[in-house]
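Structure first, commentary second.
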Amino acid sequence: YVAAVYEHESILSPAPAALVERRSALELMGRNLDIYEQQVLAAARQGAQIIVFPEDGIHGFNFTRSSIYPYLDFVPHSHSGKWNPCREPYLFNDTEVVQRLSCMALKNRIFLVANLGTKQPCGRWDPRCPPDGRFQFNTNVALGADGALLATYRKHNLYFEEAFDTPPEPDYAFFDTPFAGRFGMFTCFDILFFEPAVNLVRRYDLKQIVYPTAWMNQLPLLSAVEFQQAFATAFNVNILAANIHHPSLGMTGSGIYTPVKSFIYHNMESYGGKLIVAEIPVITADYKTNLEKTPVRVSEQSPPSFYAEMMYDNFTFVPVWGEKGELQVCANTLCCYLNYRRAALTDELYALGVFDGLHTVHGTYYVQACALVKCGGLSFSTCGQEVTEATALIDFQLWGNMSTPYIFPLLLTSGITLDFADHMGWKNNYYFLSKNRTSSGLLTAALYGRWYEKD
């Protein structure tokens, strides 16, 4: 099928904390929706059957609970019956934004997924009802090619969003299409947690995901395109991921991903939006990962280990020296192993790092990671820094005795481009990732394990 995602440079309120009238909120959002309208038309002309827009693309961000209120639409939670906002605008008040989105879908005969802020009144009888008498949700809507509201999803794992409430229960949101079957949806930070993202994919055996996000890149392990790709690979799904475009805030990185191919956009240099349209296969069966011979056990003369901070976590590293070698490094119950060979020696320091513990900065979640990374300079203290360029071509086999079945394989190359492993998967109690000759210099090759039970 043909899919489109739009990385949108949103027009932001100059003073998001200021209180404004609904009229001026609609005026600002209308300017963003004008751009959406052009992009839906452009995507439809290229044959797209579905288009996905980013999180916070219509209203922006940095609001307070009260300042966002004029920007919120009323959208009934999807299970309340059939509604076509474009054809039946009179059914509910304060639905101007969702009406416009619905009409875009209808006019262009395209499925459309967008993110907006919504409100839902609640009563004193509800113990979870906020003091101001309403819930405010960070919401995705999915609209059919006839403009009908097919599904809503309220973001569960909020990322420092004081304007919004967490829904009482996780939403498992999905909708059906004639061209690719069932799509599931979740938002941004959700991708790192079991609820609802992993549970949704597993419970409904989903093969297509739509994913609005407003993601601030963090190298070396959590760049947007790197993790979007890893999720597609780990769960054998197609992902349509639309990110916001604000390079000054570190925000870029969208794509259309299959488990074996990706069409991405990552641009920290220039401004303006970007439409990606790609034709991808509908996944029906699982891709089988093939593993070669079990690697040799590593001999014990590893170089000296050292500690350095990476992604705010205290990793234990060993340097990757010389043309070839075998290394191991352990922390807690996790041991990571690496066999490597460099095509040529370059003046670059690489290190193999391990972390097995609770990550506590910008969210709390348990990580088990084995990571081969390029360091920022030639001293050990630079390992774990954000690096975007590399020249070393390295053949490697990386593996670890991970304690969780949820492993996200990361493979990032120079200029924030993606590569695909030759082999990956489980053998005995080890997870393996191997690659002969990356397409460009290696930045990161990692097994990023999420041990959800220990969050």
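Any Cβ shown, glycine's included, is placed from N, Cα and C.
Under the heading domain 'CN hydrolase', TrEMBL lists 15-282.
If you look up TrEMBL, you'll see Glu55 marked as active site, proton acceptor.
If you draw a 10 Å sphere around the CB of Lys155 (active site, proton donor), it holds 25 other CB atoms from the protein chains shown. TrEMBL lists Lys155 with the feature active site, proton donor.
The annotation active site, nucleophile is assigned in TrEMBL to Cys188. In the structure as shown, the Cβ atom of Cys188 (active site, nucleophile) sits within 10 Å of 26 other Cβ atoms.
Around the Cβ of Glu55 (active site, proton acceptor), the number of neighbouring Cβ atoms within 10 Å comes to 27.
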